[in-house]
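Annotated active site per Swiss-Prot: 696, 739, in sequence order. Feature annotation from Swiss-Prot assigns ATP binding site to 365, 366, 367, 368, 369, 370, 371, 372; the stated evidence is sequence analysis. The domain 'Lon N-terminal' feature in Swiss-Prot is assigned to 3-209; the stated evidence is sequence analysis. Under the heading domain 'Lon proteolytic', Swiss-Prot lists 605-790, citing sequence analysis as support.
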């Protein structure tokens, strides 16, 4: 059932409480008008957190709980709104599907879903009500305070008595509503059953009794007789403990809080804590001992457990033996020399300066190239505790900084949780998938990460739950990401980015031989001489059954072959596997099925209008044939582009065509026979099911257009890549290593690259560079001379 909601400022109505509310805001007036039309005259009153806000738009600006009330009378103040008298019925939650307040009416559900009391609970509530009555009776006799309603409350039934006692007496001296009063009333409404409601009201009345210094003179005197006058704090604690013990005895559940407090105090004394943390821990322990409800004590104990379980001074011992670290990394990971060298640099500096702040390294590369496993191996090599936090899909800032203790079920953020798990202040902390964080109305987690990853700030990292500054300066942070462009710029500025490119076929083969097969054989309890994978067999699997940048699919395919082999062995009647069985193409096809992938190969025959371009893909690189044809059968002047090309590549076609038109005579096109107004040009890039984008095909498209219009073929052993400018300059491109390797694999032995990409050739394996001719060009004139000869 839906009810209108009325958003109030600093007004929280308790059940059975009658109060008058002035209504003036437009949405509030709409809610009253809607409630007037209903037979029940019921409306939900819920208070906003910030009383200075004029218009509330989101539910997170409201308190979590409200009150269903019945409107008893309405006075129309005309232009100034309404004055309404309401009576509280029950505490309710609003069911909202959206975070934005976009309606007047909403569904609701009761906070107390089962109002029926057991006999045990009724006995306990009677005892609590007796204590409430004693407190009210003593307070009403205090010389500075006069309560006229106290005697009227005595005759009420027990549920009304407790609620109205709270409504009457939980306030300030001058009866004005304060922030604390609002929070106290909200706390009462949040209780899920009547027993907890009564316990909470008793607890709050105790606080009022102490905070307003209205303890009865006789009680003061009794306590003073028992305890020395110099220990007023102990007097107060003793009084509250004794009162609470009476209630607990009636509930039949005396807790072991004293035992827990002794253990916590001993732990505080044993640990080496910073002075501010120790002081905070002792203060919270005092609150724990004096807590009036089991709910409050459990919250405080949970906080103390987190505070004391965090490593504040405990430090692990790092392995500073450079040679052993290098050996460990080489044994576990093939290649990736840049990362290994950076780790050794850090260790060398750490040996000179033990107080050196840890580096913040971000490994960027395609999925499956070993980023996470490499960080794990680094932690093992350095003898560091390892903590991993996955940031993929994190969209709430509180996931990083934690929730404030005022929230129900509050917990620290992932950083503090990770440090607790590590148990030392100098672990290796992996922030996995840092490029996958997103932001929404709950905050930007990337902004919270700025403090974590800034060496100048993370010495004083602040978690909303812990509330004490925590030193992260000794942590060695490492991060991983798939896409550099998706990392927020402010974070990139704090990271040392090392890019991991996709593995070449040869690197995949070596990884399979050195790591994957060894692990697979070990898991299968298989001897290495039972099944032999030759280099040719591994190359066949890599080229025809995987298409990836890393080696995850290769690992799965190798495991599939081994499992099939073992099953076949058990089917053998003799149950004996042959020794030295070599895996060949026939066996691979038998176990893995027909070939799944094939890389593009160069054309064997030369045809005008076809040029080998070069593509950089998520799985490495590939040859990218560019096809151009022209005809005079159409209207003329039309350009057709096919092959699933994205915006940038379409623009490359336009730039290439514009450049060719402006320089047709220069590049051997007979403009007397070929009129651009009379011909239609068709540019096509095969594999139309795959989207293609980027400017790097510019010179290949230009060459294909010239080849088609001049009817001069381009040799198939040549491929090219580079951006074309309107003035003919050749621009820099990316993915040089992957493109060169894929072209070489396809049979190309001559490659044209922009001169600005020369620096990236050092990443290409030497055996390829020794067997291929690289042309470095600055202007398209040089490309034309290489392809068609001197003009």
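Residue 1 is the first one shown; counting continues down the chain.
Using the three backbone atoms N, Cα and C, a Cβ is placed for every residue, glycine included.
Projection of Swiss-Prot feature records onto the structure.
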residue : record           : Cβ contacts under 8 Å, 6 or more apart
365     : ATP binding site : 371, 482, 499, 500, 501, 502, 549
368     : ATP binding site : 548, 549, 550, 551, 552, 553
369     : ATP binding site : 500, 501, 502, 503, 549, 550, 551
370     : ATP binding site : 333, 336, 500, 550, 551
372     : ATP binding site : 388, 430, 432, 480
696     : active site      : 613, 614, 615, 616, 721, 722, 723, 733, 734, 735
739     : active site      : 614, 615, 616, 621, 721
Least Cβ-crowded entry, counting other Cβ within 10 Å, from the binding-site residues listed as 366, 367: 367
Neighbour tally for residue 371 (ATP binding site), based on other Cβ positions within 10 Å of its Cβ: 27
Arithmetic mean of per-residue pLDDT over the domain 'Lon N-terminal' (3-209): 81
Additional residues around ATP, ordered along the sequence, whose Cβ is within 8 Å of the centroid of 365, 366, 367, 368, 369, 370, 371, 372: 363, 480, 482, 500, 549, 550
DSSP three-state assignment for residue 365 (ATP binding site): coil
For residue 371 (ATP binding site), the three-state class that DSSP assigns: helix
DSSP state at residue 739 (active site), helix/strand/coil: helix
